[in-house]
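For reference, the structure discussed in these notes is given below.
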């Protein structure tokens, strides 16, 4: 895990973070008033984004990270290099980076195994003045995935 300045991100990382920032404005968040945007970078360089979509039955809420993964899956894209995530409150800017929830970490670990790559996760504050770059392996140590079940995921 490392702290990185915005200008030291790669061009693709900056584009993904900027797209996550843009899409976060589309969040449906009447309960938390918290805006989250996520943007996946596919193995071939496509940017696929998602925003959080809350639900009155809280367990049915879809986080931005899973929103992006589901959108990519519907497009037939399942191999990724990285994901960028940015957050803000309705009346405040975040001053520390916000990491993915446990469920999202598990989903990101699954796509990491599908991709055969330790997915890079770029986390940013609202102003992009604090950015942390980590791998999903760092965010979810000792993780459990399809390989642990002996599943040959390259078939899927």
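Each Cβ is built from the backbone N, Cα and C atoms, and glycine gets one as well.
Keep in mind the model is a prediction, meaning the values are calculated, not measured.
Copied from TrEMBL, the annotated features are:
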- 11-147: domain 'CMP/dCMP-type deaminase' (DOMAIN)
- 52, 53, 54, 55, 56, 57, 58: substrate binding site (BINDING)
- 63, 101, 104: Zn(2+) binding site (BINDING)
- 65: active site, proton donor (ACT_SITE)
Exercise. Roughly how many angstrom lie between the C-alpha atoms of residue 101 (Zn(2+) binding site) and residue 54 (substrate binding site)?
Worked result: 14
For this session: Please name which of the recorded positions listed here, 63, 65, 104, is nearest in space to residue 52 (substrate binding site), Cα against Cα.
Result: 63
For this session: Give the sequence-ordered list of residues that share a chain with residue 104 (Zn(2+) binding site), lie 6 or more positions from it, and have CB atoms under 8 Å from its CB.
Result: 63, 65, 66
Problem set entry | Greatest C-beta neighbour count within 10 angstroms, which of the binding-site residues 52, 55 | 52
Seminar exercise, completed: Top of the binding-site residues 53, 58 by count of other CB atoms within 10 A is 53
Exercise. What's the most sparsely packed of the binding-site residues 63, 101, counting other C-beta atoms within 10 A?
Worked result: 101
Exercise. When DSSP states are grouped into helix, strand and coil, how many residues of the domain 'CMP/dCMP-type deaminase' (11-147) land in each?
Worked result: 48 helix, 38 strand, 51 coil
Seminar exercise, completed: Top of the recorded positions 54, 65 by count of other CB atoms within 10 A is 65
Exercise. So how many other Cβ atoms are close to residue 56 (substrate binding site), meaning within 10 Å of its Cβ?
Worked result: 8
Problem set entry | Listed in sequence order, residues not in 63, 101, 104 with Cβ within 8 Å of the centre of the Zn(2+) site Cβ atoms | 64, 65, 66, 100, 102, 103, 105, 107
Exercise. Can you count the other CB atoms that lie within 10 A of the CB of residue 57 (substrate binding site)?
Worked result: 7
